[in-house]
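Single-structure report; data block below.
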Amino acid sequence: MLRLRVFDRHKRLWSVLQSTIRGNNISNHIPNTTCRSSAPPHLCARQRAFYSQNSPKTPNPGSSAGIKLRTRLVVTLLFGGGIIGTWWYVHQEKEKRIQMQRLEQLRKVALGQGDFHLLDHTGQRRTKRDFLGHWVLLYFGFTHCPDICPDELEKLTSVVHILDKDPSLPSVQPLFITVDPERDDVSAMARYVKDFHPRLVGLTGSAEEVKQAGRDFRVYASNGPKDEDGDYIVDHSIVIYLVNPDGLFIDYYNRMKNDTQIAESIRNHMKTFVRLFPD
């Protein structure tokens, strides 16, 4: 009797188990490993936020960050432009001060600032004003000089040829003023200057006129004793003078300077020259 009761109980449990299995999908009892179905919603949200915060961002031009970037660039450009403008103004003012100081120094030296009235090798009366606006290379000598004067005039001619090869530079006017007016008349000067640069102008005059021209440039000249033929040598300064278009002496070159060095010096003067007395 007891066995029958136990058997009936087991039979009922088995029936309940079978009905439970048939009425439910077994897949509902298998755990899903994906975050979307099994993980708590707040955990997935945290993971999405984490990935979003660590991903690279590009500022949108219309965004607040883009506007700030453009503002910084504009401010930087304006600041840099202000610095450059200030530097340029200071530089220009410095150049003006240098020019004025140079003018004052030249006035104190008072070299070559006087006028001259001489005859050129064609017999025309010439003054210093005739050469204003031109760069002038000036040499004092005499036509009977055996070697030094021809050498210096050859060097002067070479300097002018070197500068003439650069079309960006203004032309230079070479001048030759005699220190021996007794022998160097107009015809003697005409014969002499033709052996040098074609633009070379020879200038002569009376003893007093020549002496005054030399005095303005502080030229030393002294006649030596005459020989039995009446010939003599003139001892004089051996200097090539550079005069700018304002008619002011600005540099000089002695015998130690060669043609290349002189040409380079003149080129530098030309590049930095600013008219002090504009027309």
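Heads up, the Cβ atoms here are built off N, Cα and C, so glycines get one too.
Here Swiss-Prot flags 73-90 as transmembrane segment, drawing on sequence analysis. Positions annotated as topological domain 'Mitochondrial intermembrane' by Swiss-Prot: 91-279. The feature domain 'Thioredoxin' is assigned by Swiss-Prot to 97-271. Feature annotation from Swiss-Prot assigns Cu cation binding site to CYS145, CYS149, HIS236. Among the features that Swiss-Prot reports, disulfide bond is placed at CYS145-CYS149, with the record citing sequence analysis.
In the three-state DSSP scheme, CYS145 (Cu cation binding site) is classed as coil. Most buried of the binding-site residues CYS145, CYS149, judged by other Cβ atoms within 10 Å, is CYS149. Summarising model confidence by region, the domain 'Thioredoxin' (97-271) averages a pLDDT of 92. Neighbours of the Cu cation site: apart from CYS145, CYS149, HIS236, residues of the same chain with C-beta atoms within 8 angstroms of the site's C-beta centroid are PHE140, GLY141, PHE142, ILE148, GLU152, VAL179, VAL234, ILE238.
Here the Cβ of HIS236 (Cu cation binding site) has 21 other Cβ atoms within 10 Å, regardless of which shown protein chain they belong to. DSSP gives HIS236 (Cu cation binding site) a strand state.
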